[in-house]
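Structure record follows, encoded as structure tokens.
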Amino acid sequence: MVERKRIEIPEGVKVKESVGEEAEFPFDISPMYEGERIRKGDMYVELGGPTQPGFELVMALPMDQVEDMKVTLIGPDLDEMEEGQAYPYAMIYYIAGEMVETDLEPVIERRNHDFQNYIEGYMHLNQRYDIWIRIGKNAIKKGLKSLIQIAKATMMLYKNELPFIEKIEAVYITDKDLVEKLLNELAMPIFEERDARVEALSDEDVDEFYSCTLCQSFAPTNVCIVSPDRPSLCGAITWFDGRAAAKVDPEGPNRAVPKGELLDPIGGEYSGVNEFAKQESGGEYERIKLHSFFEYPHTSCGCFEVIGFYMPEVDGIGWVHRGYAEPAPNGLTFSTMAGQTGGGKQVVGFLGIGIAYFRSKKFIQADGGWYRTVWMPKELKERVAKYIPDDIRDKIATEEDAKTLDELREFLKKVDHPVVKGVVRPVDGKKITNGWVEEEEEEAEEVAEEAAAEAAPAAQPAQAAQPMAMQPMPMQMPGFQLPALQMPAASAAPAGVKLVIKDAKITIEKVIIKKAEKEKKGGK
């Protein structure tokens, strides 16, 4: 177990400290501000996000090691930051109390997203190592001068909303070197440890799953179902975390969900989950399959760590994580696909997941799992490499192998990926796709048979090729019907030969229709 202890502050960095509760704040604090978006033009500064390192972390410590309502700020404060720029950002909370235990750390940590969005002019997105904060210009105009004020407001909300927290202390860091050091040496090992706990447990081993509705302020119809084999989309809540949260706050955002009857063991559909999803989504959804990509997929909020996207050109699924900025082979970036995927929608063809879901033995098992996966960024693939079966690992392309659909198709042919000849899903040995080769062979055989049948009377003297007539279009014009159109004789195919045009797109910019003039007497 990773040791929980207070961080050491290096020499030579700027430090501010403040102890005790704040008398008043220069901003409103209310749930009405949840879901507030701060656009780039309205932003004073950005903290963390796509261009700067950042993380949030909660650690449970003994009572005597936590100084209640103390804030330590390491690095430049708001009044030293340049408007319009982005800065590193880490938020560490030490918590203590009789009921506080290590199992509650991720649950309390996830509520940081909840509480900080109560603050007017402060936007908090994502979680763990993906946090993305924006502070609005209006908040600065109203008197927000220091991140210490944000920390004090957040700690006050923690103690008011979660009274089992008897002591809380915050350390906020904007010094880039220290943020990166603590992210790699402290936060990531703790996150990894939390995720690994649930690997030995399976959906069949428990009687209930847990919900998470924290993101409904941004995605009102999203209902996250957390099972042993499927962690939350944000990656911050596992089944153990949901259980711990429901124990201390049974009416909170993490509630027990009875599994009910197992309706589809491969797709992961349960009657209890369906009933809960229907209720919590306001009737927007009636069915959810936890381990299916195409049929009644899980809804996606906007905090997902990874987006799965279907590419019909190769009949395969790609995955892209939040940290990959380049376009995927389908030509879309993560941020563009996020707009299609998020918002609490059930979208066939796009799916948001947490990185820990790649560990699952049931990873999109209804649709072939890893054997349907054809592309991932190298960074993501390396991160989850040990969970990819040996016989498919080298057949999954990265940006070094393919950046376009044409390049991806060639790569998949070269390595003989299962999608080329047809995917057999491991869970039940069923072949679920035909593959390209089989489809191409069937089409070739069909064309050959038809050509042979039409060539049979070719022993007779060949007739001159006749113009190919197209039937009248089912379109009525005032007073007359569109006449039949004729192709020029030069375009006609020779007798006994069938012309097959595949994958063609025909664009007609203009159709001009004229009445035929009657022949003048005398043949003129």
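Quick reminder: no glycine exception, Cβ is built from N, Cα and C everywhere.
According to Swiss-Prot:
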BINDING   C212, C215, C301, C303  [Ni-Fe-S] cluster binding site
REGION    436-466  region 'Disordered'
COMPBIAS  437-452  compositional bias 'Acidic residues'
COMPBIAS  453-466  compositional bias 'Low complexity'
For C215 ([Ni-Fe-S] cluster binding site), write down the residues of its own chain that are at least 6 apart in sequence and whose Cβ falls under 8 Å from its Cβ; none is a fine answer.
H113, N222, C224, C234, C301, G302, C303, G344
Given a separation of at least six residues and a C-beta threshold under 8 Å, show me what packs close to C212 ([Ni-Fe-S] cluster binding site) in the same chain.
R110, C224, V226, S232, I237, G242, P253, N254
Cβ-based neighbourhood (8 Å from the centroid) of the [Ni-Fe-S] cluster site, residues C212, C215, C301, C303 excluded
T213, L214, Q216, F218, A219, N222, C224, S232, L233, C234, G302, F304
I'd like the Cβ neighbour count for C301 ([Ni-Fe-S] cluster binding site), meaning other Cβ atoms within 10 Å of its Cβ, all protein chains included.
27
Just to be sure I understand the packing, how many Cβ atoms besides its own are within 10 Å of the Cβ of C303 ([Ni-Fe-S] cluster binding site)?
29
